Amino acid sequence: MAISSSSSSICFNPTRFHTARHISSPSRLFPVTSFSPRSLRFSDRRSLLSSSASRLRLSPLCVRDSRAAEVTQRSWEDSVLKSETPVLVEFYTSWCGPCRMVHRIIDEIAGDYAGKLNCYLLNADNDLPVAEEYEIKAVPVVLLFKNGEKRESIMGTMPKEFYISAIERVLNS
C-alpha cells in the first residue's frame, strides 16, 4: 500500500497510544520495524508479545482522509439520482476485506476525476433498502449513474483500469 503525503493526510505516531503496543500480528497500518513476527513460531510470538519487557517499535502512521463521501438512504436521491454530474457509488460493508481494497481505488479515482465524477460510499448494512432496490447481493459492488439512471455495474474487486474504462464509457455516453 502506497501512502501518500498529500495535504489531506493526518500523520501520528502510534506509539503515543497505549493500544498500539498490544498488536498481536503485523499489519500494513502498523509496520513492525524491529523484527518480523511471521518468522517466529506461534509459541515464540506468544511469549514475546506477553513479555512486558518487550516493546514493539512501530513506525509512524499516516492516514489520509477519504475523498469519496458517504451517502445514505436520506441523501441518496439528492446526491445520486438528481445529480447533474455522473456518480460512482461503492456499496460496501464494514466487515468486508475486499471492500477496503476497493475503497483505496475509489479514493484515487475520486481525486483523479474531481469535478467530472462524484464518488460516494454506501454502507449496505446500514442502508439496506437502497442496496435491495439495486439488488446488491454481495459486496463490493460499484454502480455508475448518469442523469439518475444506472449505467454500469462492477461486482467484486477489480484493477483500477477496469473501473476507469467503465467510468470513461459513462462519461462519453
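In case you wondered, yes, glycine gets a Cβ from its N, Cα and C as well.
Marked as active site, nucleophile by Swiss-Prot on the basis of similarity to another entry: Cys96, Cys99. The feature disulfide bond is assigned by Swiss-Prot to Cys96-Cys99, with sequence analysis given as support. Per Swiss-Prot, the feature domain 'Thioredoxin' maps to 68-173; the stated evidence is sequence analysis. Per Swiss-Prot, site 'Contributes to redox potential value' is recorded for Gly97, Pro98. According to Swiss-Prot, the transit peptide annotation covers 1-67, on the basis of sequence analysis.
DSSP assigns Pro98 (site 'Contributes to redox potential value') to a helix. DSSP places the residues of the domain 'Thioredoxin' (68-173) in helix, strand and coil in these numbers: 44 helix, 27 strand, 35 coil. Other C-beta atoms found within 10 angstroms of the C-beta of Cys99 (active site, nucleophile) number 21, with every protein chain shown included. Taking each Cβ in turn and tallying the other Cβ atoms within 10 Å, the top scorer among the recorded sites Gly97, Pro98 is Pro98. Around the Cβ of Cys96 (active site, nucleophile), a 10 Å sphere holds 18 further Cβ atoms from the protein chains shown.
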